[in-house]
Amino acid sequence: TPSYFVTKEAPARISSMCRGTKLIVVVRDPVTRAISDYTQTLSKKPDIPTFESLTFKNRTTGLIDTSWSAIQIGIYAKHLENWLLYFPIGQLLFVSGERLISDPAGELGRVQDFLGLKRIITDKHFYFNKTKGFPCLKKAEGSSKPHCLGKTKGRTHPDIDQEVVQRLRDFYRPFNMKFYQMTGQDFGWD
């Protein structure tokens with residue numbers, strides 16, 4: 001859940017349990033992430049206001065509403081600063097949500113390396129489900145049938161005003177650049 005990464009108290013709590021914990025955080029383009037978050041909420045509450053109206057405190061001035069959780073979560077640099085008070089950067093692995101879709105074996109290879117595990121999961125373990133738009137495991141452990149994401153994943157996103165998308169890209173850009181610098185990893189969001 002994204003809640004662990006964004007909850008102010010979480011790093012201290014986890015650190016107090018075990019300072020040597022290795023942490024894996026899956027991140028994705030914060031604009032896409034916000035739209036996806038909204039889409040999930042919309043599926044449960046179809047009468048919520050539009051994405052565009054929730055995005056701004058004042059649309060005329062373009063002031064983004066950073067108190068809206070869908071926006072707030074994607075300010076990764078801010079959340080990472082809090083984690084770095086308790087954990088060195090070498091104990092955190094940032095997995096690209098985009099690469100997890102386009103190259104699941106490659107990203108899971110990075111996870112296996114980070115955890116000091118033998119690379120067992122490879123390309124042969126995945127196939128791409130065109131209907132969902134996500135990779136599936138060819139066989140789940142102890143099962144003969146493939147495992148794909150559940151019904152609540154891979155929903156079609158609503159059409160969002162491209163001006164709003166661009167304003168969000170502009171808003172997130174400095175935070176993304178700082179995040180890239182902090183992690184030593186360029187996720188290519190823009």
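One is the number of the first residue shown, and numbering goes on along the chain from there.
Just so you know, glycine gets a Cβ as well, placed from its N, Cα and C.
When the candidates Cys18, Cys136 are compared with TrEMBL, only one is recorded as disulfide-bonded to Cys148, and it is Cys136. Cβ neighbours within 10 Å of Cys136 (disulfide bond), excluding its own Cβ and spanning all shown chains: 17. Here the domain 'Sulfotransferase' (20-173) has a mean pLDDT of 90 out of 100.
Around Thr156 (3'-phosphoadenylyl sulfate binding site), the same-chain residues at least 6 positions away in sequence with a Cβ under 8 Å from its Cβ are Thr39. Around Arg28 (3'-phosphoadenylyl sulfate binding site), taking its Cβ as the centre, 19 other Cβ atoms fall within 10 Å, counting all chains. Every protein chain considered, the tally of other Cβ atoms within 10 Å of the Cβ of Ser36 (3'-phosphoadenylyl sulfate binding site) stands at 18. Calculated from their C-alpha atoms, the gap between Ser36 (3'-phosphoadenylyl sulfate binding site) and Cys148 (disulfide bond) amounts to 18 Å.
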